[in-house]
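Student: Supplied in structure tokens, the structure appears directly below.
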């Protein structure tokens, strides 16, 4: 009784006063210590029971002792207890085997966990969940999915916990079709949509980029909890839809739900990207009010928010006020100062980070390489490349992608390609950096070759990919292929075109002398028509001597920015080319009457 209500001291005192102890009393005490997280005490009692009192453990004793080993990762002790099980007269049943799978999984001994599972005569749902958890904890989600498939072939129906666990794997692997098949199986098996399942379903759809389905799952749930809301908010942030993420956060607050540390971290990321200074400061005040500033995750996000909006002093102040720093804290501070050109202070922070006992990680190097590309500073980038080779980080996909981007921005495409080819695993950033690098330097065919390989590797492109691809089609002059690509964005990949996508196609039309078709595309498009789009049309009109559309494009540009001199210059040029000297002179007078102010250029990210 005392042990069950947490009074372990009274339970131990009562146990010590007992004249006769048996396996039940020993097991009760060992279980109590194990359940309270006092693993060393639990294992000590197990040894006293076996060695001093000579009492043989039963299945419940073994499970309690194995659970204690799992809590502290005591692999050696656990193996010894496992050996005692097989030497004892106790039957090693499913209950005991499940505890062994959990133990080996938490200790990272996956082969042993799998061996226990494979030799079980009748594994149950708990067995499957324990083994799947073992693989997911070690990052081997593919093997976890294989275990689930094997379990399903045995004809056992899934429950809520197994369904939610496997959805987590599908989310990590971003395998939409598998997750949707699993959802059909769950409906067929009558799995309840409890909070655990709802959260897993929202997270799955959000991680796969299916935000409408994630939103639908949340709306159809009965009072979704803060974890489900946070998963949806995080999904919007990860896909760059930060405005929607901020709106969802406000809706969650109106629903009376209290944010957790992950919610605050996600919404601060959205606010930083949107440069929402006022709302961000309000959220910071709410964080302090609710006492979340003591969470390192939240403080890191707060420091990052202030860095993104350019308030470097506030970012540094938040860093200094943190009780505990981790490598993310340092990386956030360093990246913030690097991005705003405060290189001397950033280098000083790197030195302080090293003195504090932290080694640069992949994200530290990624930040440095990003700045090298933006400056550009090829020599500094090469030095950083040398530094990452020694610890073997050059084969890491994050560092490798940053190296490709840096070399491409510095115009060293051969070096960028060497790094790209050397990378054993490539992510979307790696592919995009190589495609964009080639396209920006006029190597359209090479960019399209990389894109073709990317598709054959079944890597799904995003909006950034298509900017590079459309630009590449522009360089090779393939209008028909560009139009097919532009259409497939929405049709095949469900990516809404942005202004820069539209500008690429308009520019290609205009360069081909098809200014009317370019104008028709602009009019029919739902994309925001900014100066870049109209300037692309104006440039084509000047080359093809299309006066009417040139005047229209120039007027559109000037309606957005009255001080745009380049639009007036191009308009003056077309008047001159057509021999309309008085009109050209009038435009020139307007240009001369305006003071052109040139601002100092900075490298912003």
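Note that Cβ sites are derived from N, Cα and C of the backbone, with glycine treated the same way.
According to TrEMBL, the protein carries these features:
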- 22-57: repeat 'PPR' (REPEAT)
- 93-127: repeat 'PPR' (REPEAT)
- 225-259: repeat 'PPR' (REPEAT)
- 326-360: repeat 'PPR' (REPEAT)
- 427-461: repeat 'PPR' (REPEAT)
Student: Mean pLDDT for the repeat 'PPR' (22-57), rounded to an integer?
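Tutor: Mean per-residue confidence for the repeat 'PPR' (22-57): 87 out of 100.
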Student: So what's near the repeat 'PPR' (326-360) in sequence-distant terms, Cβ-Cβ under 8 Å and 6+ beyond its ends?
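Tutor: For the repeat 'PPR' (326-360), the far contacts come to 296, 299-300, 303-304, 306-308, 310, 312, 315-316, 319, 367-368, 370-371, 602-605.
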Student: Where DSSP helix means H, G or I and strand means E or B, what are the helix, strand and coil counts for the repeat 'PPR' (93-127)?
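Tutor: So the repeat 'PPR' (93-127) is made up of 25 helix, 0 strand, 10 coil.
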